[in-house]
Every structure is written in structure tokens, then in C-alpha cells.
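The next block holds one structure in the form of C-alpha cells; read it before the comments.
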Amino acid sequence: MRSSASCLLAVATVVSAQSGCGGATSAPYPEFSGDAFKPYTITAEGINATFIPYGARLTHLYVPDKDGNPQDVAVGYDEGARYREDSETNHTFFGCIVGRYANRIRNGTFTLDGETSDIPKNEHDGINTLHGGDVGYDQRNWTVVSHTNNSITFSFYDAGLEGFPGDVLNVATYTLEDDRSWTSRLVSIPINDATPIMLSNHVYWNLGAYVNEDAKTILNDTLELPYAKRYIQTDGILIPNGSIGLTEGTGLDFTKPGTVIGDNIPNTEGACGTGCTGVDNAFITDRSPYAAQKDPSLEVLKLWSPATGIHLAVETDQNGVQIYTCNGQNGTIPVKQSQQHIEGSTTYVEKYGCIVIETQDWIDGVNNPAWARQDYQIGSSTTPPIVNYAKFKFSVVDNYAFAIYFFAIAVDYQQMLASTAKDGTGSPGLPAAYSPPPSQQPAAPNGYGQQSTLTITRTVYNNPAATKAPPAPPVPSKNTTSPTSNSNSTGSCKNVQSSKIRADETRAAAVKEAFLHGWNAYVKYANGFDELAPLALNGTNSRYGWGLTIVDSIDTAIIMGLTDIVNDMLDFISGVDFTKTEFVEADEGVNLFETNIRYIGGLLGAYDLIKSGQFGTYDQQKVDMLLTQATILADKVAYGFNTPSGLPATSANFTSNEPVYDTYTDPVTNTTYNSTNAASIGTFLLEWGRLSDLTGNSSYREIVEKADSYLINPSPAPALTNLIGTQFDVETGNMLTKDGGWQAGVDSFLEYLIKYYQYSPSNVAQQYKDFWVKATQTTIDNLVIHPRGFNQLSFVSRLSENGTVDNLADDFSCFAGGNWLLGGALLDDPKITQLGVDWTAGCYHLYNTSTTGLGPLTWSWFDQQGNTVNKNFQNDAAALRSAAARGWFIPNNLEDWFSRPEPLESVFYAYRITGDQKWADANWRIFQAINTTARTAEAFAAVNNVDMPYGGSLSNNLDSFFFAEVLKYLYLTFVDGSVVDLSAWVFNTEAHPLQAQCAGGGSGKQTTGRPSPSRRQ
């Protein structure tokens, strides 16, 4: 991968490269002082390692076995000088860094920029180059730049050695962590000419540490390469032949958990070269690629020894891994004294007596331009450094438990990355011609894409679309571990809540009962489906068959303390395959906005709540799967950002991994554009910012910040300052309409600007806050209207498509009251706070004056001059009577209530921020209206007409956000203010709470252009 990290710390201390060069058979080796073999030891909890400068080499690494005894799992020699002798004889490359170019170069030659370079040919009787030539990095004396208790840094300046063009400064930093891991970061900084660079660690491992006869080889060990569905095919002397093969059905298939190495070896004849049986192959790591990715890391390998119980998980940012099962060892090299465990005999390194794991890019990519590896392997003074990051994490797994684990999830195991290109070219799901550079690779979590058809017993669910056992690795990767925090503490957060909040246990219990009433109906009639049809009493799959109601509702159940239900939900979610879609028309795709706010937001909200420690204890493995699943889904959604501008399309096809566009036709020019709306563009900041913090992968944040840059710098300028229109051209990023305001199509973009500032007050977030403040001021100056005859009542209008005030509002825009209350409290701006109070009161006024106590989808009014949304209403008797009595009327028969939460959301904010009891009472009245009008004997349903007794009739809809938003905001209105404190938690637009960075939540982390009648966007 490439990295722009500043790794120049060693420049000032680096020494000149050693003079002299040569090879094992043709030239003298450099002379070294004893310092080249001086041991340096670093330690951390449960792990210690020793290195020598000769090759920046690992010589010993001790970790405890299942009995607590320290075992040296690195193969090599006891004395440092023996490594020099080995270079002149066996040349095993024990424990060193190999480079400047790891692995093989065909014919020892390559051409860059029209210049051909010849590298010494040191393999197969002078045919090819292996590991950098006669005297590669393994035989160089690296300078010790720094040495602390748990870390050591080496540097080596390569002044065009071994015939490679250009100079390269190399810095290797090794660190031990208390999680019993060894991290290796190899940074190569090209100084001038373009040159191939591919460094790698070359450690020989035996996790059995030769403790008994069975551990003298690795044949009884298990190896898993979960992402290695493809490998680079080679000729008889292990030089790539240009073809990519599939591992399935071959001895090289280690994708299944618990694969015993010795079971595969007999099926590898010829795979490691002519006359060879074993593994010496370059496996391709097929991760989920998308644009604008940076610093990815992925757990690509799991290795376990039954002899010691030691388990190794390898995480890396590289796009491949070379595995060598020591096929060439012949029993002539004795193991170290630390590994001589068998009394009365000397143990030697015999065939299959160890395994080498080299994290690296595609081998000989410099001679295979069709693979497009130049961005990964070619560096110059104009490129960033080239970095190889690898983390080797050790643990102990009990033999019996491990065997049961593997037996369970290996049953009828399916291949995990169904979207991988079957022709062996390109990257999974992308055209063969496109293989994203390392700066565009994503960080996928442990177990990405794994699935099994094993049917598991669930207390409640048996979703026919998702009955897979969850991948449950014994050692979670770092991407599934978040910072620990406690939401009882608001840390350094600015307090935005009133001290006058009082819990009402009776009201809270009533809301919880309503949740259970609806939930029990869902479980009874729509088990595992996306949503319940409450009148037909069956399940519907309107959102791809992933169990939307479960994912959207889980954090509400967590907050309510419904532990049994949460456990069932966690079990279900662990088995969903989010890479596959059902019930989707070929030309529709997966809606990015809804998938993000409901699924990804729901998963992250549940993860944060449980990890906070305030909401009970659940199975850690299943909790970690929440983040794993969110990352898997985000990686698929990200294909929708693969557009010319970087703006997300409306949808993405999860089969072809391509954007699916909506269109907008300009009514004046009749020009049709590939378009999306501002809300669909700007409603990713919170979820993907949080995902970046939890995974350590900044790419999620960067891809959405790039998209938002078009919104906060709109072109052309909007009709009113910062009140951008709804429609944008996905091709150019240009704004197409001037219908600005806080309504559907633009609402949650504005909502997220101030919330993102609260979540993470970065420099970019400051820009968002400033934009939001100006948009709010524009609203105060232009859109706040007092209806005729109701001077104390404030409504907030929108702009029409041509940019004029049209005296119309929709229910979705009622969120803005709470948004302004929050922003005003954050910024200590009473003017903005008052705007929030006024607009919340205006929205509640509709509920309080309608026949049912619920509000309509849209409404209009007559302003002081008698203007309204449409001149036809100026002579409409019904509209005039309604406006005279209540200040508002319902135009265009849009009088339904489809579980919309926005007014009661703002009432919740008003109560938490002002502490005024009238707001808690207001939400209680809304709850009573829901129970009176929308409740059925079995569940809840949508209301067709809020201005008729009992709603006139009910509709066969129970949207997932009834559980996710309506009941959550109502419940939180009536519990203690410390439960999801607004000072420490930030709600996404689907009411999923994400922990703010100030409270410990950091890292160290529609409609499609036409608003749906049932959902704001």
C-alpha cells in the first residue's frame, strides 16, 4: 500500500549503505562488525522478541502456550553470527526483511520509463532473481535508530544497490503490544528515480515450537486464508506465468476455517514448482474495493497449533500473502536450544517443519503490467512512501473448544466472497480493467463476507433469507474493537441538557409495553422479514430481506433493557449475509440512503450502546459482529460512490457492484440528468465518521467528506445563502434545483452538519458548523412565517423549485426544531435555541389541533398578505375555514400519518434541553394519540387521515422506524436524562445513538429524488 505518513524520523540518523556487494556464489559478502549481530530485546505483556541489525531480523519470539509456558515460535539460530554463515550456505532468509524487491523477478530484469535494469540472478543457476539479488536487504547491516522497552526502529539507506534504479531510505519499526501482538511497519521512501519496491518480513514459524514429535512439522496445524480465493499461477521454477488461478478444489484452498495443512499437502503436487509437493505460492487477498480508501488493514490469516494451543492471526494492508511450508528443508539445520524439547535426541528443521508468511503485493508485478500493480510497487521522489503494515497477534485457544468451533462453522461452508471476479482478473465485483490502487482499498473487519449454511437454533427467529452461522474467530481483529467508554460520563463534552429533567416511570413503562405489543406481532407474523404488514398479518421484504425491523429496532430494545429480545436479535444479525440481496429488481439496486441510516446506523448504534457499559452485558462475539456487519455493508454501499464526481448515486447494484442512478429532468430545458438529492448525498457523515473511528480506517470518513464538499460549496449558488436545492447532478456535482429549505430531500444533510460538529469538532466539522449557522440565519431572515391571525405561531416554509417562498411545509422538516435546539445549546446561541423552540411548538400545534392528535404529511397556511402554496386555495372554503380556526390546512390530500417521528423527536430535544415539563406532557399526548388511533388488536398500523375520527381508516404499513424512532424518542422522554445523554451521544437521522468523541467515542475513530409519503429524506 501507499501511505502519506511522515516516516522521515530516521533520515537524520541513517548511515551510508554498506560498501561492497556480491552474491553467495560470485562475490565476497560485506564485512560487518559484531554490532551487526548484537541482540536487542523488546517486551510487552505476555510476549517478548529479540532482533539483530543484520537484516533487521527477528531471532526469537516468545509467547505462552496453553499451559502458560513461554515458547519460542520463531525458527532460526541461537547466535547472531550464524545468520551470516547461513547467507553463505543454505541462505534460508530466516527472520529477516527481504528486499528491495521481495520474491522473484523473471530473468532478473524489468523496464521502467524505457530504461531496463538488470538485477543479479541468484536462483535456478542464474535464471531469475530472488529477494533482491545477490546481497539483498537480508544481508545488510541496518542501523538501530531507536530502542525502547517495547519497540525498536531500524533504518537502511539503499543507494542504488544490486542494480536497482534510484535511492531508497527504508525504515522498519517493530512494536510489541499488551494484546500479545507484534506489529511490523516497513516504510520505503524513494529519494529520486522511479524504482520497484516491495519489502516483506520473512519469518519462519512453528507455533508448536517443536515441543513433541507431532510438533516437529506443521502438518497437524490448521491454516485459514479467508480471502484467498485466487492465487498467482507460476511455472516450474515459481515465476508467474501471467495467469490467475482459483484455489477452490485444489490443495491451495485454505478458505475454510480449520483446514489441516497436512490434509491439503498431498493435493499440492506441482503447485510449488516442478517435482515439488507443498505450498510455495502467492495468494491474492480479495478485499472489497471502493474509491478513496486509505490505510486499510485486514485479518488475512489464522494459524493454530494443537500441540501448544498457540493461535496466530495476521492482519495486514497488503494485497497478497506468500505461504511457504518449508518444502525445501531437509533436516540438516538443528532448531534452537530454546526449542530442543525432546529428551535424548536433537530436533532438526525437517521438511514441512515450519511455515513462512510473507505479507506483500502480487509477485513479479513489475513484469506483469496487465495486473496494474504499478501504484502498489513503483515509487519515486514524486510518490508517497510505500508501506507494508503487518500485525501478528498471538493467543491461546483450548484444543477442545477450538475443535468444536471449527466443526460448527465448517458445516456446509460456503465461499465467502461471491462477488469475486470468476475470470481471475481485476478485483472482486469490479471490471477487470479496474484494480484500485492501495490508497483506494478498504479496511474490512475480521471474517468479512464469511457465511455458512449451517442452520442454527434461535429462540425466536428462523429467517429463511438468512440462516447462516456467524463467523466467530477466536481472536477478533482490531477492526472489531472499539475504544472503551462509559456513557454515564460525558467526559469533556459540553453539557446541553437541563438539570430539571425528571423520570416518569409510569409513562416509560407504557411506551415499553407498546414496543412489546408491536414487537410480539412482528415476531409472530413476520419472523425475520423486513417489516410486518399489520393488517394482513404477514411479513414483507421491502428492504432486501435482511431483517430490517430487527436491525433498526435493536438499539431501542437495548435502551429498554429487553435483554432476551436483544440476545435473539444479536443472534439473528450475526447470520445475515449483507453482500447478497433478494427481492430487488435488477434495475433498482439497494438504496444507499435508507441502507445507511437504518442498517448501518442501527448496527453501529447497538454496538456503541453495548460497548459503553451502561446497557447490560451481552455475548462479546455477537456484539463484535455488529461492527463486522456494518463494515461489510458499508463496503458494498461504497460502490455507489463510484461516480464521475464522487457523489453517491441513489442506489448500488450489489451483484454487479455498480452505481444505479436516478434521473431528474429540467422542466425548462427538458434536459435529463443522472441525479440524486442533497439528503442522499449528505446523510453519511455520522455513520461513516463513526465507522472510521471504530475501524481505524479514515477512508470511510474521507469518501463522504468529499461528497459533502459539493454541498457546502454549491455551484451554482442557491437562491438564498446556504439553503441549497434538493437535486444534484451526479456527473458534475452541480446543483440542479433551487428548492432549498429543511424539507424532505435536503433535511438530513443540514441536520448532520451540526451533529457532526458535536460528534467530532475537527477542522472540516468547523466548516460544516459554519455553513449550518449561516443556513439557520438565512432561515430566520426569510423562511419563518406567522400565519394570518396567529401571530404567536411560527411556521418554517420551504422554497419552491425556482427559489421562491411557497408557504408549504412537510412533517419531515419538523426535525429542524430539535436540530436548532441542539445547535443553539452547543453554540450558546439563544437566538438559534429560540428558533428551535418556536418551530417545535409550530409542529406540535398541528398534532394538538388535528382531529386524531397526529400530524399530516404536509400542510400550508395563509401568510399575512393572504399568499399560500397555490392560488386555488384562496377560494377554497375548506382551506379557509381550517386556516381561520387552526392557522393551517392540508393541501393535496396528504393527510396521512405513517409512523413519522420528526415532531415528537423535536419535542424530546425540547424537553431534554429546556427541562420544561410542558414538552414531556406534549409527547405523552402524542403517545396517547398513537395508542388511540394507530393501535390494533395485534400491532400498530399507519393512519390514512389524521383529520378524521380514528383516522378514517388504517393502512397496512408498520415501518421499522416506528420501533427505531417513534418509540425510542418517546421512551427517552420519560426516563432519566443520564440514559443516552444528549451531551455524550449523537443521534443519526434514524435515531440511532452514536457515542461522541468527547465521551470516549473517538479512535485514539427515499425515495430517490422524490420523497416517499412514509419517510423523510
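Cβ atoms are placed via backbone N, Cα and C, with glycine included.
Annotated range for region 'Disordered' in TrEMBL, selecting from 103-131, 422-450: 422-450. The DSSP secondary structure for T989 (Ca(2+) binding site) is coil. Annotated pair C843 (disulfide bond) and T989 (Ca(2+) binding site), C-alpha to C-alpha distance, rounded: 18 Å. Around T989 (Ca(2+) binding site), taking its Cβ as the centre, 30 other Cβ atoms fall within 10 Å, counting all chains. Here the Cβ of C814 (disulfide bond) has 31 other Cβ atoms within 10 Å, regardless of which shown protein chain they belong to.
All protein chains considered, the CB of C843 (disulfide bond) has 29 other CB atoms within 10 Å.
A separation of roughly 12 Å, to the nearest angstrom, links the Cα atoms of C814 (disulfide bond) and T989 (Ca(2+) binding site).
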